[in-house]
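Beneath this line is the structure, given in structure tokens, with notes to follow.
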Amino acid sequence: MEKIKVALVSLGCDKNRIDSELMLYKLNEEAELVKDPKEAQVIIVNTCGFIETAKEESINTILQMASYKKTHNCKVLVVTGCLTQRYKGELKELIPEMDIMLGVNDYDKLLESIKVFLKSGEKSFYHKYSDTKINEGNRILTTPTYTAYVRIAEGCNNFCTYCAIPRIRGKYRSRKKENILKEVENLAKQGVKEIILIAQDTTMYGIDIYGKKVLHELLRDISKVEGVKWIRLLYCYPEEITKELIEEIKNNDKVCKYLDLPIQQISNSVLKRMGRKTTKETIINIIKKLRKEIEGITLRTSLIVGFPGETEGEFSELKEFVSDVKLDKLGVFKYSKEEGTSAALMEEQIDEEIKEKREEEIMILQQSISKDINKEKIGKTYEVIVEGTKEDMYYGRNYEMSPEIDGEIYFEKDENVKIGDIIKVKVTHSLEYDLIGVVYNELSK
């Protein structure tokens, strides 16, 4: 393929981002990558098909990119990702402007499909389902140079009643430890300091290929890689957290004292309807244990409100939990009725208006909690990775803050500080979600 201009639009989660980065690396061998789709002759849209709003965004983006065939330089429109995997037949008819469609296991066919279309005009539509394949290899990072996501497993075995991911991504399959370590070593050589481990469920890592959960061993091995400063864990199911994992987080200085626990709900009756493999008691006990064992740990969660049949009593139980437990970070999603899931067939679907009201109530409650938690940080000093500038301020994150989903720390510009540096910042003021501070030196003690 001659050096044709290619742009890739990546939607959805950071697991999708990794697929996009893998595609970019392959494309870069024979194409010129451009950021602006209006300049591109080939446009690739890597879609999300998880919930209704994500599907709408994906379809709108595809249609917008398709319009560039008339208004700009686009000759080839490629659509990939979860939406194509989930709705392969419907999309083909709905959007005839698509020239190439690839499922989540077909990225190795990307370059060849583009070449064939440019030569003959022959369209390609692939959507292979796989319970064995894992997309891995070299990537071109779309994150800042100091941070990278590393996928340690693909797929999911949980089959929660509201979720379509196992039907899209297949069963849970861990990557080999040596492959992950090789990737981390390469990233560290590129200057990456923060490694963020992701999967549909990171806590189950290794169960399928090693016969036991070995996330703690993986953390220990990654921490030995020269250049890695922070290791962050996302998507940790509370019921799968082992004592070995707790010990490793506690004792390993490179592992951020931060855990993302996607509990989704707290009422046992709702958890049962969701098909979750845990209970209210288990969730509360693991939170208590983590706080007791790991000093200064930050806990984040995500909740779903408006699940089918959610009563006022069950919602009040959720509010009481949020108020009593006071998690450091919290996000709320309205239940989305997804085709092909058993929850979509449940009776007592909740009105959208009620969902919105419940979402707002939880967020108002959490805003107050977050404000109080942040006040306690005034006077404390943190290591901060510097991310950028806004007007006359620098901003960055400490170990308590994951990129994009959590707050930031702002501080005055310092001529000795560069983007990507890890420096010490002393907190002087607090807001609901963000902190304000000064670069720590002898004068700011």
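Keep in mind that glycine also has a Cβ here, set from the backbone N, Cα and C atoms.
Annotation source Swiss-Prot lists [4Fe-4S] cluster 1 binding site at Cys13, Cys48, Cys82. In the three-state DSSP assignment, the secondary structure recorded for Cys48 ([4Fe-4S] cluster 1 binding site) is coil.
In three-state terms derived from DSSP, Cys160 ([4Fe-4S] cluster 2 binding site) belongs to neither a helical nor a strand segment and is classed as coil. Neighbour count (other Cβ atoms within 10 Å of the Cβ, all protein chains): 19 for Cys160 ([4Fe-4S] cluster 2 binding site). Feature annotation from Swiss-Prot assigns [4Fe-4S] cluster 2 binding site to Cys156, Cys160, Cys163; the stated evidence is sequence analysis.
Residues or ranges marked as domain 'MTTase N-terminal' in Swiss-Prot: 4-119.
Summarising the annotation, Swiss-Prot assigns domain 'Radical SAM core' to 142-372 and lists sequence analysis as the type of evidence.
Residues or ranges marked as domain 'TRAM' in Swiss-Prot (evidence: sequence analysis): 375-441.
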Rounded distance in angstrom between the Cα atoms of Cys156 ([4Fe-4S] cluster 2 binding site) and Cys13 ([4Fe-4S] cluster 1 binding site)
15
For the binding-site residues Cys13, Cys82, Cys163, which one has the sparsest Cβ surroundings, going by other Cβ atoms within 10 Å?
Cys13
For the domain 'MTTase N-terminal' (4-119), residues assigned helix / strand / coil by DSSP
63 helix, 24 strand, 29 coil
Whole-number Å distance between the CA of Cys82 ([4Fe-4S] cluster 1 binding site) and the CA of Cys163 ([4Fe-4S] cluster 2 binding site)?
13
Between Cys163 ([4Fe-4S] cluster 2 binding site) and Cys48 ([4Fe-4S] cluster 1 binding site), find the distance joining the two CA atoms and give it rounded to the nearest Å.
13
